Amino acid sequence: MNRVSASADDRAAGARPARDLVRVAFGPGVVALGIIAAVTLLQLLIANSDMTGAWGAIASMWLGVHLVPISIGGRALGVMPLLPVLLMVWATARSTARATSPQSSGLVVRWVVASALGGPLLMAAIALAVIHDASSVVTELQTPSALRAFTSVLVVHSVGAATGVWSRVGRRALAATALPDWLHDSMRAAAAGVLALLGLSGVVTAGSLVVHWATMQELYGITDSIFGQFSLTVLSVLYAPNVIVGTSAIAVGSSAHIGFATFSSFAVLGGDIPALPILAAAPTPPLGPAWVALLIVGASSGVAVGQQCARRALPFVAAMAKLLVAAVAGALVMAVLGYGGGGRLGNFGDVGVDEGALVLGVLFWFTFVGWVTVVIAGGISRRPKRLRPAPPVELDADESSPPVDMFDGAASEQPPASVAEDVPPSHDDIANGLKAPTADDEALPLSDEPPPRAD
């Protein structure tokens, strides 16, 4: 009975990691596929359309969640919403973090990462096959590039898997390498700076929508149906991170563009923009002086980076290196977001931000303002002053002690004179002529004579 229960426990323990790996491989992708299928079928039912090409549309939208451009009727939709992508990265990071523990071995970590990448790649291959099959029925639907599809899926899930695994075993991995210990603090400072920049830019975007409320109502007026207005609201929510990234670019001194329309903190060039309510937040010419104050957002994000770097005081060189690593990491993250949030938008042209100026702007604010914050917050530790050795004390000739023979221990251990005088001579000394004490001598009585009686 005990053997049967032990074998059952072993099988259950072995099945647990297998279930975790399957969940990591297909969990986020299957959940996204289910949501996309429900939304697509609901739209087809509301539009009273047939289900022809429904599976091709579902597969195209699943690839679109991974920033794969969709081509319909010869027109490319390259500007994909960032919100589904960020949710996919978060779901992948969460699943990998749950399957990994701080004590996981390297083999377990490799299996988790391989599962997080292998499952989505398999689903991408199936989606490409479904789209290719549906394109024979729906001629307007075009199969995307396989290389672009696999690359986008791999990058999105790699970012999520790396984030989840790093949150569990990052410190242990750093301790096992020759990299400095403050590298983890630099990553945290970069994350704080990016979140501060995006969060404050989101607040500015919301405030701009309130200011341009009339323009937003006009954009909602392009449709009279409730379902159409609901669809515009959903699209605005999905594309809100794209607009926030554009606002962040403007806040650090870069620019954002929608076709020929260009927006920055110093000038606005007009042009046609899509009728999307979230785009009502874009500034309109002539540009007021309040938009120049948007640069305060970039400075505030630099303060957030400096505060995180100053939590652990380091010497000058190490503190500077930690801040530079955080600034470079934050600039790279913003560049990736700017690249992912842009693309080709049909007849409107290219949509996105000036990525080169965005990287330079983030580096400037994170480094300059961050360094000032580190200095003020006490993030630089001073080296202790070296104590000068005390000068030797010179003794006078009168105060000098006589030399002591350190190697002759018998000289310092001679018995006192009184002890040496009280010791009686031995038989050898008497034989050599040494006179032994007699009873008449004023000395101690001999041991064989009785002591004298007092009269």
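Quick reminder: no glycine exception, Cβ is built from N, Cα and C everywhere.
Remember, predicted model here, so these are calculated numbers, not experimental data.
The transmembrane segment annotation in Swiss-Prot covers 26-46 (among others).
Tertiary proximity for the transmembrane segment (53-73) is limited to same-chain residues at least six positions away from its ends with a CB under 8 Å from its CB atoms, namely 29, 32-33, 36-37, 40-41, 44, 80, 84-85, 88, 120, 123-124, 126-128, 130-131, 133-135, 137-138, 140-142, 144, 148-149, 152-153, 156, 340, 343-344. Annotation source Swiss-Prot lists transmembrane segment at 53-73 (among others), citing sequence analysis.
Sequence-distant contacts of the transmembrane segment (77-97), counting only residues of its own chain at least 6 positions beyond either end whose CB sits under 8 Å from a CB of the stretch, comprise 23-24, 27-28, 31-32, 64-71, 112-113, 116, 156-157, 159-161, 163-165, 167-168, 235, 237-242, 245, 337, 340-346, 351-352. As annotated by Swiss-Prot, transmembrane segment applies to 77-97 (among others), with the evidence given as sequence analysis.
The transmembrane segment feature in Swiss-Prot is assigned to 111-131 (among others). Sequence-distant contacts of the transmembrane segment (111-131) (same chain, at least 6 residues past either end, Cβ-Cβ under 8 Å): 17, 20-22, 24-26, 28-29, 33, 55-56, 58-60, 62-63, 66, 92, 95-96, 99-100, 104, 141, 143-144, 146, 149-150, 153-154, 156-158, 160-162, 164-165.
With a threshold of 8 Å between CB atoms, the same-chain residues lying at least 6 positions outside the transmembrane segment (146-166) that come near it are 28, 63, 66-69, 85, 88-97, 100, 109, 112-113, 116-117, 120-121, 123-125, 127-128, 173, 187. Among the features that Swiss-Prot reports, transmembrane segment is placed at 146-166 (among others), with the record citing sequence analysis.
With a cut-off of 8 Å between Cβ atoms, the residues of this chain six or more beyond the transmembrane segment (191-211) that come close are 240, 243-245, 247-248, 251-252, 278, 280-283, 294, 297-298, 300-302, 304-305, 307-308, 326-327, 330, 333-334, 362, 366, 370. The annotation transmembrane segment is assigned in Swiss-Prot to 191-211 (among others) on the grounds of sequence analysis.
Residues or ranges marked as transmembrane segment in Swiss-Prot (evidence: sequence analysis): 232-252 (among others).
Per Swiss-Prot, transmembrane segment is recorded for 256-276 (among others), and the stated evidence type is sequence analysis.
Taken from Swiss-Prot, the feature transmembrane segment applies to 278-298 (among others), supported by sequence analysis.
The transmembrane segment annotation in Swiss-Prot covers 323-343 (among others) and rests on sequence analysis. Tertiary neighbourhood of the transmembrane segment (323-343): same-chain residues 67, 69, 77-80, 82, 85, 183, 186-187, 189-190, 193-194, 197, 241-242, 245-246, 248-249, 305-306, 308-309, 350-353, 355, 358-359, 362-363, 366-367, 370-371, 374, selected by CB-CB distance under 8 Å and a gap of 6+ residues from either end.
With a cut-off of 8 Å between Cβ atoms, the residues of this chain six or more beyond the transmembrane segment (357-377) that come close are 189, 193, 197, 248-249, 252-255, 298-299, 301-303, 305-307, 309-310, 319-320, 323-324, 326-328, 330-332, 334-335, 338. Residues or ranges marked as transmembrane segment by Swiss-Prot on the basis of sequence analysis: 357-377 (among others).
Summarising the annotation, Swiss-Prot assigns region 'Disordered' to 384-455.
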